[in-house]
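Contents: one structure, followed by commentary.
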Amino acid sequence: MNYTESSPLAESTAIGFTPELGSITPVPSNETTCENWREIHHLVFHVANVFFAIGLVLPTTLHLHMILLRGMLTIGCTLYIVWATLYRCALDIMIWNSVFLGINVLHLSYLLYKKRPVKIEKELKGIYQRLFEPLRVPPDLFKRLTGQFCMIQTLKKGQAYAAEDKTSVDDRLSILLKGKMKVSYRGHFLHNIYPCAFIDSPEFRSTQMHKGEKFQVTIIADDNCRFLCWSRERLTYFLESEPFLYEVFRYLIGKDITNKLYSLNDPTLNDKTIKKLDHQLSLCTQLSMLEMRNSIVSTSDSEDGLHQFLRGTSSVSSLYVPSPHQRASAKMKPIEEGVEDDDEVFEPETPNTFKVRQLP
């Protein structure tokens, strides 16, 4: 009788598995491994994912975008922890979401701390609302500016803030908070300084690149005055680290100089009129006032420039031509101001900027 004896290897091949893997059930290649899907998770799981989705689709243009995003992620992580603990009993899911929750809570707390209302001293609130707030300086940045390297000082009526040819211009920059100051040159009255105005802005601008200069005018308190005073050197270093605030100061000082020059043209201006002087003057008027200021600051020892100015101009729009005999002082650099526009305060300077140059 003829018969063929089958080998164990052939039998193993016929049934589709090897002897070592005899316990594994073969899976056809045309079927998925997920034959039985699990049931839908609890509602808490889906609500958590809804909060995640809301946080991710929040537009970045919202003012509180980051706070809302962190808030949504915090709620989502909390619901995930509840779901993993009560309905899934998954320790690893609970631990990971606890870590994520802690990170989001810390970041959310930091964002809320930054958004806290900053309290500005009552005495400084006036200059903030008048000068800095319209230029969108944040309250916290203003508080940093006024909380360091500056102090509030007092002058009684008749006391001098600066004396011509005696007081150095390198020490400080000040804004008048209360009272009124009178500016004179060799006994001749020039103009008044009112609250929320810089006291020594022309000297600050004209001597930025020079050291050891002296005031060319005398500034005396006409009332009991209080003023905010910065150390000039430390203020300069601070503004170098804050480019935005540097541009703000550059604009404010330039505009303050313009107002002072306008006061030179019309000494009868009072505080209320100065407050209304927010519109830009014509080019002709600004050039006229800059020439007049240079005639005072950069005059020689003779008083020709002062007397010529005191004789005045018939119109604020008439251009003042300095005397050909006038010489620039070696001590004070003439003020050269470009014509600025409120809408282009923070625009880069163009090569076509108008400047006033002293005639030889």
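Numbers here mean position along the shown chain, with the first residue as 1.
Including glycine, each Cβ sits where the backbone N, Cα and C put it.
Among the residue ranges 47-69, 93-115, the one that Swiss-Prot annotates as region 'Required for interaction with CAV3' is 93-115. Swiss-Prot lists region 'Required for interaction with KCNK2' at one of the ranges 136-186, 238-288, namely 136-186.
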